[in-house]
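Listed in Swiss-Prot for this protein:
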- 1-38: region 'Disordered' (REGION)
- 7-18: compositional bias 'Polar residues' (COMPBIAS)
- 47-75: motif 'Q motif' (MOTIF)
- 78-248: domain 'Helicase ATP-binding' (DOMAIN)
- A91, K92, N93, G94, T95, G96, K97, T98: ATP binding site (BINDING)
- 196-199: motif 'DEAD box' (MOTIF)
- 258-418: domain 'Helicase C-terminal' (DOMAIN)
- 425-503: region 'Disordered' (REGION)
- 434-445: compositional bias 'Polar residues' (COMPBIAS)
- 480-497: compositional bias 'Polar residues' (COMPBIAS)
Amino acid sequence: MADALASQLSNTTLGEANSETKWKEQLNVPAKDARPQTEDVTATKGLEFEDFYIKRELMMGIFEAGFEKPSPIQEETIPVALTGRDILARAKNGTGKTAAFVIPTLERINPKSTKTQALILVPTRELALQTSQVCKTLGKHLGINVMVTTGGTGLMDDIIRLNDAVHILVGTPGRVLDLASKGVADLSECPTFVMDEADKLLSPEFTPVIEQLLSFHPKDRQVMLFSATFPLIVKSFKDKHMRNPYEINLMDELTLRGITQYYAFVEEKQKVHCLNTLFSKLQINQSIIFCNSTNRVELLAKKITELGYSCFYSHARMLQQHRNRVFHDFRNGVCRNLVCSDLLTRGIDIQAVNVVINFDFPKNAETYLHRIGRSGRFGHLGLAINLINWEDRFNLYKIEQELGTEIQPIPQNIDKKLYVYDSPETIPRPISNPPQLRQATQSVTAERRHQNHANSGQYQFNRGRGSYRGRGQGQRRSVQNESNKFNHPQGQQSGKSQMAPVS
């Protein structure tokens, strides 16, 4: 009898262990991203997500989103954040900072409570949409409600949604303060206060708003700050509003290891022609092209379209619904090139971007660092090319000195191994894509690759009506003056047939 009972107990234990190991096999895990990664994300302690002892439902969302192992910033942050301690974390762009604060935030949410339990602040509307989607995706098995609120949208819609339970509120500071001041967003029992891109949120334009928002939170709140750059203003905020924060600094160097940086000296009137040459010579999966003003964004997008390349543009003066559409379509691979202002330098994660071009060279090292960080995401390879005129040479030297890096002159031929992947169709698209859209995107990408690699491997771009997307509401007074700068020199025509050296 005793032997039979022992045998039964033994079998039961084995059955439970079996189910413990089988739950992973039943998950709908995406195809593994086989691209090589740099030490920015591979230099870990060897921890697994299971080592954090988080809820199984949360781990299910993590693995179904394509996560395999925690990155260095996640290894350092998650265990400390789970204890409720304040955190000041600094890590490179594209190394997994968002998941580093989203995972512990989700773990500490009580879905049975109807109160708002976490506030995540970001500086831009696009980043708010992206962060809220990460929260929804990783927490999809937890029964948690996530709401995103930003300026440029109707306030009444937000008021109606806040009548229901909202566990995590993601938004931009101005809109959240508006809702809190009106008593619509109740933050009195919200113990978690997160700031992503904290250096931007603590700039003079945002700091008063941030401090007002903190007054709506309980005194025993947890404050977490994340960014790639921390100016002196962050220290004063830390001393004033944080309690013995745990400081994490993984910035042994400022630039990402996987990004190759070049510059090309060109006259202002030659820039469009040089860009045309780059388009014809580079093997671009997706590219982001940065300009220093709203007017130049629109003018350059128009020029690129006239050259025959598909192009979207985005800047802060566009209607919010237009910005959202451009951002959504570009992330989903509808268009190959995006021209934008510094609106999209913060936190935007588009895995398919392998080339960043600074059509206008930035004025400071911080902006430069965030711009080039749009390629080479999560330890992958990327290419950053800077078009430099005579006036930019001092900024080039200054940025090299501040970042401790050397930007090389562009060679006649760029090695494709530095930024091109063997199978770009396997690059993960946004984790929110429904299967039908993902399949459609992959089929379009495959068709494009077939066309682009025809003609002896010469990489050509798709044409298409309506590719010049998103007419903004920017000021037009100086458009004619800016447009003159883009004109080609006499006797020189634009177009793919014209080739010129880029250095």
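Yeah, the Cβs are placed from backbone N, Cα and C, and that goes for glycine too.
Note that the coordinates shown come from a computational prediction; the quantities given were computed from them, not determined experimentally.
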Most Cβ neighbours inside 10 Å, all chains, among the binding-site residues G94, G96: G94
From the DSSP assignment alone, can you count helix, strand and coil residues within the motif 'DEAD box' (196-199)? 2 helix, 1 strand, 1 coil
Please spell out the DSSP helix, strand and coil residue counts for the motif 'Q motif' (47-75). 17 helix, 0 strand, 12 coil
Quick check on the binding-site residues N93, T95, T98: which one has the highest count of other Cβ atoms within 10 Å of its Cβ? N93
Quick one: mean pLDDT on the domain 'Helicase C-terminal' (258-418)? 88
K97 (ATP binding site) has its Cβ surrounded, within 10 angstroms, by a count of other Cβ atoms equal to 25
Secondary structure at K97 (ATP binding site) (DSSP, helix/strand/coil)? helix
Once the DSSP letters are reduced so that anything not helix or strand counts as coil, what is K92 (ATP binding site)? coil
